[in-house]
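Worksheet for the structure shown next.
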Amino acid sequence: MRTFRIGPAVTPNPDDRAPLWATLLVPAVLVLLPLGRSAEAPLALGAIGGLVLLARGRARLDDGAVKLVLALFGAYWLAALLSGFAAVAPGKTWSTVATTLRFLPFALYATWALRDAARWPALVAAVAGIVVLWTLDAWVQMATGYSLGGAAERERVSGIFGAGNLKLGPVLATLAPFVLLAARARWGVRGLVLAYAFLAPPVLLAGSRAAWLSYALVGVLLAWHETRRPRRFLAVCAVFALGLGVIGAFALHDSARFGARIERSLRALQGTEAAVDEASAGRLSIWRTALAMSAAHPFTGVGARGFRYAYPDYAAPGDRFVDTASDTGASHAHQIVLEVLSETGVAGLVLWLAGAWAALRAWRRADAGARERALAPGLALVSMCFPLNTHLAFYSAWWGLLFWWLLALYCAALGAREAAAR
């Protein structure tokens, strides 16, 4: 059976050690993330670097990290490729298939640029520093109404991403493990708790309920990582829940916007279908339509990124998301399983599950040092992909970029080498 050997089993050539400037290209993607498509610039440079490494034989196919990248990319990309043959919007699907190719050489570049394990503490600290700056900017907006991204959105804190790009909550919740683990490494458990409290208000006031759940999940997973015993774990979770409750109470008192989000969420308790749909901001209608698409296109779906074009044909009469002028609907399924199933079919879902299995298997086979390095990107990916939540589109240009940036870090972390192994 084929395995992914992760760790110091393959001794790298010392000449392959990446220069510092090459390593900085990886966090540069994150620095430019709030600036829309600007993050594509360092990604493109990294992808070119990855192609050069391949041409020169520096990205060895016998390396465990490289094999893991190939396995994960194969699951992601082949699902989109297969969906193209019966796509409802072939042009959109095939352009998605073509543009997602950029993620593979970038991920290969990252495994080379971050192969030196000694650089990982600084990398995690750098990512944490970037997220802390975004969080401080959000705190300023909470206090003044303005941030580097401009004025706050009417109902949410938008932070550095701006009122026209409401992604602050999901991004902070997803990248929180870097801040929390950096604080844990520097100041111990007290630092971890304070960092969690520092991030919580911007996540809550950003107004994304999916981000609330993701952030709570990160807290639960880190609580288990710290305790490893059921009783202590439950006690820590109770303290975390109490702390979040206190923060939420202050937010309710000081923010009408946050209160409106809570009030809308509580409408689901009425139990009627209309109330649940309203509480979920129409997600119930979208999910029902996604299931109808999946039933009509069971094998390869409607095509990657073809959801909005197929939507009107499967939506219920009077669906609020149908735009009769453009004959399109909701942009994506807002749920990872339904996105994969409706856009890439059963074939795509099987490939994604195979990719998840490969990622988990690589973690299980890694040594303790590799797991420690991969913990931050690994937790971020779990938070991002947790199936009992709502999600942004994983085949979209922006969220797909962040997804693959984290996957690249995860593979690189598991494949990095200690100095003694070289």
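Just so it is clear, glycine is given a Cβ too, placed from its N, Cα and C backbone atoms.
Your range for transmembrane segment, going by TrEMBL and the list 16-39, 160-183, is 160-183. Per TrEMBL, the listed range annotated as transmembrane segment is 96-114 (candidates: 96-114, 191-209). Long-range Cβ contacts of the transmembrane segment (96-114) within its own chain (Cβ-Cβ under 8 Å, at least 6 residues beyond either end) map to 16, 18, 22-23, 25-26, 43-44, 46-51, 53-54, 58-59, 63, 65-66, 69-70, 72-73, 76-77, 80-81, 84, 120, 123, 304-305, 395, 397, 400-401, 404, 407-409, 411-413, 415-416. Looking at the domain 'O-antigen ligase-related' (203-353) alone, the prediction's average pLDDT is 85. If you look at the transmembrane segment (65-89), the same-chain residues 6 or more away from its ends with a CB under 8 A from one of its CBs are 4, 6, 59, 96-97, 100-101, 103-104, 107-108, 111, 115, 297, 299-306, 309-310, 340, 343-345, 347-349, 351-352, 354-355, 358-359, 362, 395, 404, 407-408, 411-412, 414-416. Among 233-252, 345-363, 398-416, 398-416 has the largest number of CB pairs under 8 A with the transmembrane segment (160-183). Residues 3-4, 6, 64, 68, 71-72, 74-76, 78-80, 82-83, 294, 297-301, 337, 371, 374, 378, 381, 385, 407, 410-411, 414 of the same chain sit 6 or more residues outside the transmembrane segment (345-363) yet have a Cβ under 8 Å from a Cβ within it.
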